[in-house]
Amino acid sequence: MTDATVLIVDDERGFVETMAKRLEKRNMTVFQAFGGDEAMDLLAEQPTIQVVILDMKMPGKDGLVVLQEIKEAYPLVEVIMLTGHATVPSAVEGIQHGAYDYLMKPCSFEDLNQKIAEAVALKDKHEEEAVEARIGNIAQRMG
């Protein structure tokens, strides 16, 4: 696994801490948040975060609300939604609001690890495309 910077957002402290330790063993930098507001604060403070692993159901701000806030403020950050209460409509809604993917809890660590790798690759591709577009715009104005 390539190095990645990940933010785990879930109100289940034990899940977050266990998952963080496992991801850190895979050479990932991991930040932890236990609610939506804390997640948004960390994203503002840590611009290197590439992927957010976000629980769908949390007290206070619901995961879909947090997903919308993330995609509005940080459109290039990829979000993997997690839930223990999956329904097809909730999965579709998450994807429609910009989630990269959707996994059921408990999910296999290997599946999550693979999704993180794919999300990082997609984020890198989108960043490259954004840079190329900016260069193209500058060249066009100078042209």
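Just so it is clear, glycine is given a Cβ too, placed from its N, Cα and C backbone atoms.
Feature annotations, reproduced from TrEMBL:
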- 5-120: domain 'Response regulatory' (DOMAIN)
- ASP55: 4-aspartylphosphate (MOD_RES)
What does DSSP give as the helix, strand and coil breakdown of the domain 'Response regulatory' (5-120)?
54 helix, 25 strand, 37 coil
When the pLDDT values for the domain 'Response regulatory' (5-120) are averaged, what is the result?
90
If you skip the near sequence neighbours and keep only those at least six away, which residues in the chain come within under 8 angstroms of ASP55 (4-aspartylphosphate), Cβ to Cβ?
VAL9, ASP10, ASP11, GLU12, GLY63, MET81, LEU82, THR83, LYS105
